[in-house]
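Per TrEMBL, domain 'Amino acid transporter transmembrane' is recorded for 40-427. Annotation source TrEMBL lists region 'Disordered' at 1-24. Annotation comment: TrEMBL describes 47-66, 72-96, 128-149, 161-177, 184-206, 218-239, 260-282, 297-324, 344-364, 370-394, 406-429 as transmembrane segment.
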Amino acid sequence: MSSQQPLLTRGEPRGNSEYLATSSSSANEVTEVASAAQPKGSATETFFHIVCITAGTGILQLPYALKQGGWIGALYIILAAMISAYTGNILIKCLYHKQGTRLRSYSEVVEAAFGQYGRAIARGLKDFNLLGVAGIFIVLAGININALVSGTAADSLGPQFWIAVSSVLVWLVIVLAREIHDVFILSVFGTLTTVATVLIIVWLGISDLEYMRVRPPTKLVDIGMAPMSLASICFSFGGNLNWPDLEASMQSPKRWNRTLGLATAFIAFIYLCVALVGYGVYGDLVKSPVLLSLPPGIAIVVANAMITAHVLLACPIILTAVFIEAENDLNITSVAGSSTRERLYSILFRTAMMLVIAMTALFVSDFSKIVTILGAVAASMVVFVIPVACYVRLFQGQREFSALEYAWCTLIVGVGLMCLFIGTSQALAKL
């Protein structure tokens, strides 16, 4: 059975007595009181968390996504942003589908809609998404560090060595952080580094355009590569797995929809800036990540350093939320013993998971192909298909859906399934 948090109304202050009112066991009581006692974050903090989690690695392969699908990829970015905001909102609505209670996680929403088997499938997709996202963050950090030390005594170490070092750095933060609120400063810094990277890419791209005698070719649309292009863009808007935790960490959860909308609009704007400039300047010759296409110099060194810092800091933010849910499922709480034992079990669990992620990052390190496969297989389901399916299933007896909303939901599911089936086959063939 899924655990639920009793509450009065969404957005109301949640005191200890509310959490204890309907608990059925002492273990649940302890967990709920501890959750209520955790410091809550503002809407501004949540905005930075959303931007930091979503924008970062995906932004660097967006010009390449336009190379795959053509200029129409700009519309894919807008479509993906609209769908991401919508699915993020309905996912949080699903947490409150029963009056007076709140589900705790993405997995519990799926269980409420489709039972234990549905939860198992969603959990498998989520874990695959976790390994892929963290792996790509670590791979990108390793590649960038290797580029930064090029020409120095450390040049001979190679990217694999720096991927391993990046894994260790992420592990150190993971074992120190306990709650999402603890890593707020990382989100602020990560967001600022992303904005700085966008400015550098746009500035270098436009500056490089002046020295080009012949403009590289571009295309309006490539129907054959459209699913792969859309799959990459889908991954760039992934993040739904963390939304229940972020909404629960807010002082005023009722401000979630507005905060998510603003954050998604901001992300779409910077995505369009990078995609349009990158593809507009370098056309079908653009590389992934786009930093490889930019002219060398101090600016590109700074951009590499910025994005490296971002991914190393954003990775623990993503993993912290997922590890917290996993630890709750494994009953790694103080009710099982002393807080020292709880902390030890948590460190051991997170260390084991980081070893798996590090091995995945070291085994497959082709950045663009990983992004495409991940977007086609996992992100298309957990970001698009599953939230819509749960929303319709949980609310179909409580409200009447209009024909327009059914059509919109059908479009979202269609986009997700297209990315899953067609995008996956093309990406695996290239790999």
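Glycine is no exception: its Cβ is also placed from the backbone N, Cα and C atoms.
Looking at 47-66, 128-149, 184-206, 218-239, 297-324, the range that has the most CB pairs within less than 8 A of the transmembrane segment (260-282) turns out to be 47-66. The list of residues near the transmembrane segment (184-206) in space but at least 6 beyond its ends in sequence, with Cβ under 8 angstroms from a Cβ of it, reads 41, 45, 48-49, 51-53, 55-56, 59, 173, 270, 273-274, 277-278, 280-282, 290-291, 294-295, 297, 299-300, 302-303, 306-307, 309-310, 313-314, 316-317. Of the ranges 297-324, 344-364, 406-429, the one with the most Cβ pairs under 8 Å to the transmembrane segment (218-239) is 406-429. Within its own chain, the transmembrane segment (344-364) is flanked in space by residues 130-132, 134-136, 138-139, 142, 160, 163-164, 167, 170-171, 174-175, 178, 319, 323, 326-327, 330, 332, 336, 370, which lie at least six positions past its ends and keep a Cβ under 8 Å from the stretch.
Listed by sequence, the residues of this chain that lie at least six past the ends of the transmembrane segment (72-96) yet keep a Cβ under 8 A from its Cβ atoms are 10, 62, 65-66, 102-104, 106, 109, 112-113, 220-221, 226, 229-230, 233-234, 236-237, 239-240, 243-244, 247, 253, 256-257, 260-261, 264-265, 267-268, 271-272, 275-276, 279, 383-384, 387-388, 390-391, 394-395, 408, 412, 415. Between the transmembrane segment (47-66) and the transmembrane segment (297-324) there are 3 or more Cβ pairs closer than 8 Å, counting only residues 6 or more apart in sequence, so the two stretches are in contact.
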